[in-house]
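J.: The following block contains the structure, expressed as structure tokens.
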Amino acid sequence: MKLSNNKINNGYILKLSLFIIIAGLGLRIPISYIPPMSLEIMDDLKINHSTLGLITSLSPLCFFLFSPLTPYFEKKIGLYKTLIMTFIVAIFAYFLRSNSSVILLFVSTIMFGFAIALGNVALPSFFKRLGSSRIAILSSAYTASLYLGPAIATALTLPIKNIFDISWNKISLAWIVIPILSMLLILFFSNNKQVSVENKAIASNERYERLERAINPWVSIPCWIMAIYFSVLSFNFFIITAWFPELISSYGLSETNSAFYASLFPLIAIPFATLTSFYIYKIKQQKILFFINPIIFIIGILILVYGSNDLIPIAIAIMGIGAGICTGVAFLLPLLRFNNTANVTKANAMMQSMGYLIAFFGPLVSGYVHDLTGSWTIVLWICALTLSIQAILGIAIGKNEKYDQDELAS
């Protein structure tokens with residue numbers, strides 16, 4: 001009988017992991033499939049780098065504005081309905097983006113920003129609540145999806161466009177399948193809530209913990225350090241997402257080859273993000289991982305700036321390793337530092353809100369700097385500077401401890 005229960009639990013965790021991966025893809029593909037077509041979009045809509053950078057920057061700005069709303073929606077309608085709402089909004093956004101219009105591109109980007117902002121915060125709380133006994137496996141699936149999405153979008157957007165001979169705006173009708181599939185999958189969990197005895201015990205104590213151990217992340221110094229650490233990851237992620245294909249093409253590579261090389265960055269990051277998010281729960285000296293990942297990223301940037309064209313794949317691979325490790329620790333900070341699901345949601349909302357506010361300036365500033373200088377070198381140096389700050393913060397935030405203990409709660 002025990003073996004049977006284990007089989008059921010394993011099957012349930014497998015289905016939950018599949019949902020997390022697909023839902024995670026939906027959190028990144030909308031902001032990742034546009035950059036490979038940036039030159040065509042600018043030519044079609046008659047806009048420059050600064051304007052396209054502004055459009056890209058709308059995503060993190062929306063994350064900043066809408067992430068704090070997630071605890072409100074969770075309280076009012078629950079996690080299931082909150083996630084379903086994000087998928088519905090994303091579906092409508094894809095339909096709007098299928099039109100060649102600057103205004104609709106702006107509007108759809110804001111809608112995607114709303115959906116992704118809520119999903120970024122709600123999804124970790126969702127799988128922590130349903131599968132806390134397998135949190136390492138579920139965290140690995142989540143972090144893998146965060147780079148699998150950009151990799152798939154960057155690598156497949158142009159081939160899909162060329163195979164079907166369609167314009168840049170019609171690509172959205174291909175990617176719309178992701179939120180549709182996510183919505184169908186979450187209906188399974190809303191009707192089949194297989195919660196373990198351990199999770200039931202956690203749920204029964206939820207009201208007590210909300211009252212006795214609730215934290216206010218906005219007045220917590222550790223939470224602010226978490227937010228700044230996360231903001232560096234987001235800042236550089238959105239610069240890479242917005243301009244990496246074009247940045248690589250500035251070395252003399254074709255548009256297709258540049259998109260392929262750009263896709264190597266998230267592909268390399270995936271295994272390192274996955275392994276890091278799995279083993280971080282088993283490592284006592286977590287500080288090492290928090291400190292070393294920005295250093296690795298900086299090394300990759302230096303090779304890209306000073307190396308020959310033959311070293312471009314190596315530079316991208318090293319940058320991907322650093323980014324993967326960083327994702328494996330940064331996105332899981334609320335899960336690592338808080339016991340209570342409510343605290344995880346609140347800390348995650350605050351961390352992502354402030355982090356994405358900083359990230360808002362990434363594509364905007366980098367696009368402006370490129371228009372001003374005609375070079376991507378200064379942009380890469382800006383990334384390196386922020387990473388050096390992140391390395392210092394990693395020493396402070398890397399200590400393996402919980403912040404929602406009674407003496408730290410407020």
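Each residue, glycine too, has its Cβ placed from N, Cα and C.
According to TrEMBL, the protein carries these features:
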type: TRANSMEM; residues: 12-35; note: transmembrane segment
type: DOMAIN; residues: 12-402; note: domain 'Major facilitator superfamily (MFS) profile'
type: TRANSMEM; residues: 47-66; note: transmembrane segment
type: TRANSMEM; residues: 78-96; note: transmembrane segment
type: TRANSMEM; residues: 102-123; note: transmembrane segment
type: TRANSMEM; residues: 135-160; note: transmembrane segment
type: TRANSMEM; residues: 172-190; note: transmembrane segment
type: TRANSMEM; residues: 218-240; note: transmembrane segment
type: TRANSMEM; residues: 260-281; note: transmembrane segment
type: TRANSMEM; residues: 288-306; note: transmembrane segment
type: TRANSMEM; residues: 312-333; note: transmembrane segment
type: TRANSMEM; residues: 354-370; note: transmembrane segment
type: TRANSMEM; residues: 376-397; note: transmembrane segment
J.: Is it the case that the transmembrane segment (376-397) and the transmembrane segment (288-306) have 3 or more CB pairs under 8 Å, with pairs at least 6 apart in sequence?
T.: yes
J.: Would you kindly check 12-35, 47-66, 78-96, 260-281 and say which stretch has the most C-beta pairs under 8 angstroms to the transmembrane segment (135-160)?
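T.: Answer, by Cβ pair count: 12-35.
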J.: Is it true that the transmembrane segment (218-240) and the transmembrane segment (312-333) have 3 or more Cβ pairs under 8 Å, skipping pairs fewer than 6 apart in sequence?
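T.: Yes, these stretches are in contact.
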J.: Within the domain 'Major facilitator superfamily (MFS) profile' (12-402), what mean pLDDT does the predicted structure show?
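T.: Per the prediction, mean pLDDT sits at 85 for the domain 'Major facilitator superfamily (MFS) profile' (12-402).
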